[in-house]
Amino acid sequence: MAAPFDPFPAFEEYAHPERIVSASWLSARLGSPGLKVVESNEDSLLYDIGHLPGAVRIDWAKDLNDPLTRDFIDGEAFAELMNRKGIARDDTVVVYGDKSNWWAAFTLWVFELFGHSDVRLLNGGRDAWMAEERDTSYVVPEYPSANYPVVERVDENQRAFVAEVLGSLTQSGGMTLVDVRTPSEFSGLDEHGNPTSNTGVLRGGHIPGAINLDWSDAVLPNGNFRTRAELDKLYADLNPADDTVVYCQVGDRAAHTWFVLKYLLGFNNVRNYDGSWAEWGNMVRMPIETGENTKNNVSVS
């Protein structure tokens, strides 16, 4: 049974306020039937030094990725994961994590690949919860299996792949590419991208024609999302009706921007190219541009 929506007034201006919850809303409902909380961090060990009471850990690297192929787990493995974590198909799942929900948004996105209908993000993530000095726990909960069904992953409308991104470069009116990495990564000065990802590449730069919109500009210093007016200004150069594809280094930061565009601003046609620069920058004879962004210089600070 789905949990009620958070009526927090600031969320009403977003396109899909049902996809985001506040710390106060979640704190009042921890342990409620039909509500499961998932912590998913860039630093997986943070869970061990204190987490939301009743929250389970999903490690993006170990739990969501196929151990052999560079791809996500299949429906059978996802169902097994859900059953280990005690998550039912009709549960409301609230995901949170460190670094302004960087990897939490990625985990939410993977849930959506398997069609889990009610997945929400905790505004501000782990840092906001801790900053408000809310309850934490060291107890790792054990839940009974919820008999989660095997549902095969559906990539269509959520993922973009290298062949179609490459093909769009020669098409008139093709996809709008948004590079959500830092300006130094986009320009090619930092060819290795995020230094914590351990994902070096052979070439630096960006996909030709891409717009650089750093994912972190969408959040405030405390990790909370900016207001609708600020986000509209930040993404003013994008058309919600266009085929929009976001990318970063390995798809993690892009998932955060995907969430902003889809659920906070109401973009209907936004996908994540999760192969991202780790794939593009290592492939032979791929077109690459370097240099600073010239298409969008909006500041909302």
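Glycine residues also receive a Cβ, built from the backbone N, Cα and C atoms like all the rest.
Copied over from Swiss-Prot:
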| type | residues | note |
| --- | --- | --- |
| ACT_SITE | Cys248 | active site, cysteine persulfide intermediate |
| BINDING | Arg253 | substrate binding site |
| DOMAIN | 31-138 | domain 'Rhodanese 1' |
| DOMAIN | 171-289 | domain 'Rhodanese 2' |
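A simple way to gauge crowding: the CB of Cys248 (active site, cysteine persulfide intermediate) has 29 other CB atoms within 10 angstroms, across all the protein chains here. Look at Arg253 (substrate binding site): DSSP puts it in a helix.
Note on the domain 'Rhodanese 1' (31-138): its mean pLDDT in the predicted model is 97.
Cβ neighbour count for Arg253 (substrate binding site) (all protein chains, 10 Å cutoff from its Cβ): 31. Classification of Cys248 (active site, cysteine persulfide intermediate) by DSSP places it in coil, neither helical nor stranded.
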